[in-house]
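Enquirer: There's a structure below that I have some questions on.
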Amino acid sequence: MNLTAESHRVPLSDGNSIPLLGLGTYADPQKTPKGSCLESVKIAIDTGYRHIDGAFVYFNEHEVGQAIREKIAEGKIKREDIFYCGKLWNTCHPPELVRPTLEKTLKILQLDYVDLYIIELPMAFKPGDVIYPRDENGKFIYHETDLCATWEAMEACKDAGLAKSIGVSNFNRRQLEMILNKPGLKYKPVSNQVECHPYFTQPKLLEFCRQHDIVIVGYSPLGTSRDETWVNVSSPPLLKDPVLNAIGKKYNKTAAQVALHFNIQRGVVVIPKSFNPQRIRENFQIFDFSLTEKEMKEIEALNKNVRYVELLM
Ligand code: NAP
């Protein structure tokens with residue numbers, strides 16, 4: 001694979017392709033000043049990022065859309081240069097809700113299509129306006145839905161041109177097999193977005209996905225923001241790892257750049273989140289070096305099989 005900034009894309013099974021590096025945009029809305037996402041996406045586009053990872057539940061999709069539209073208006077990019085990934089939330093799994101939910105996202109973005117639309121999680125919550133529905137005891141209210149029926153509604157969104165590609169997120173092998181073995185399957189999921197970094201390398205899922213032409217998109221590729229409200233902080237901070245730092249020293253790179261490069265070198269797409277201009281640029285400087293086979297093995301050996309994002313729901 002030729003890893004240069006110009007050719008850093010991987011093919012998808014439906015004939016489209018996805019940039020190996022994207023900007024993650026999840027930030028706690030309570031703790032993040034309004035407009036930070038807008039500014040960060042614009043800086044990312046100026047830096048050379050063409051892939052933006054977002055979601056309705058990040059509550060900043062309007063800022064992502066505005067940044068993309070402003071950069072198009074400036075003549076910096078064309079719509080087709082950008083790869084935007086949106087996500088179907090848990091309260092919208094019933095098939096009849098899928099297309100209206102995507103249409104709502106498109107309205108928020110003020111765009112005509114998303115490049116990739118993914119089922120964010122394999123389990124459904126009670127449909128309605130409450131994003132995290134809970135009963136009187138504080139327990140999540142789940143909803144019985146058929147993931148295969150949800151998938152058929154996703155296929156219809158692709159056929160309608162509202163999503164160029166469709167995929168999934170947080171699916172395990174069994175859930176992927178359910179879709180892949182669905183009678184009358186029209187489109188396979190092109191990608192599965194899961195936690196993936198040197199402390200959680202996903203060897204088995206990666207192999208399974210490779211066999212089925214499903215690209216792994218690695219979220220929390222820098223080991224998360226370590227926000228204790230949703231992150232398992234008992235696992236040590238990834239970027240302090242001595243091996244990543246020692247390898248970085250050799251190439252004059254940071255541990256973050258080594259962690260990102262490790263994944264792209266093995267064909268895993270990375271979507272590091274940063275709303276800091278310097279770190280947005282730093283995370284883009286990962287195409288001008290390559291790791292030896294020995295270094296790749298050393299990093300693989302860091303795997304602890306422990307998730308930062310436990311998704312206890
Ligand atoms: P991450 O990208 O691993 O880490 C983000 C944290 O690292 C932020 O606190 C960021 O702070 C900091 N950071 C960024 N670049 C850095 C660098 N070069 N050096 C040091 N620190 C750096 O974590 P994430 O946000 O959990 O995951 C990334 C994206 O994946 C999300 O934004 C979201 O788009 C997606 N995601 C998807 C799911 C899912 O269920 N599908 C789950 C989790 C995340 P600054 O902003 O201050 O730079």
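Every residue gets a Cβ built from N, Cα and C, even glycine.
Nobody curates TrEMBL annotations by hand; they come from automatic prediction.
Sharing the feature lines straight out of TrEMBL:
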type	residues	note
DOMAIN	21-303	domain 'NADP-dependent oxidoreductase'
ACT_SITE	Tyr58	active site, proton donor
SITE	Lys87	site 'Lowers pKa of active site Tyr'
BINDING	His143	substrate binding site
Enquirer: Quick one: mean pLDDT on the domain 'NADP-dependent oxidoreductase' (21-303)?
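Expert: Over the domain 'NADP-dependent oxidoreductase' (21-303), the predicted model scores a mean pLDDT of 98.
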Enquirer: Suppose we draw a 10 Å sphere around the Cβ of Lys87 (site 'Lowers pKa of active site Tyr'). How many other Cβ atoms does it contain, all chains included?
Expert: 27
Enquirer: Among Tyr58, His143, all listed as recorded positions, which has the most CB atoms within 10 Å of its CB?
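Expert: Checking each of Tyr58, His143, the winner is Tyr58.
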Enquirer: For the C-alpha pair, I'd like the distance in angstrom between His143 (substrate binding site) and Tyr58 (active site, proton donor), rounded off.
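Expert: A Cα-Cα distance of 22 Å.
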Enquirer: Helix, strand or coil for the residue listed as 'active site, proton donor'? Use DSSP.
Expert: helix
Enquirer: Determine, to the nearest whole angstrom, how far the Cα atom of Lys87 (site 'Lowers pKa of active site Tyr') is from the Cα atom of the residue listed as 'active site, proton donor'.
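Expert: If we compare the Cα positions of Lys87 (site 'Lowers pKa of active site Tyr') and the residue listed as 'active site, proton donor', the gap is 10 Å.
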Enquirer: According to DSSP, does His143 (substrate binding site) fall in a helix, a strand, or coil?
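Expert: His143 (substrate binding site) sits in coil per DSSP, no helix or strand.
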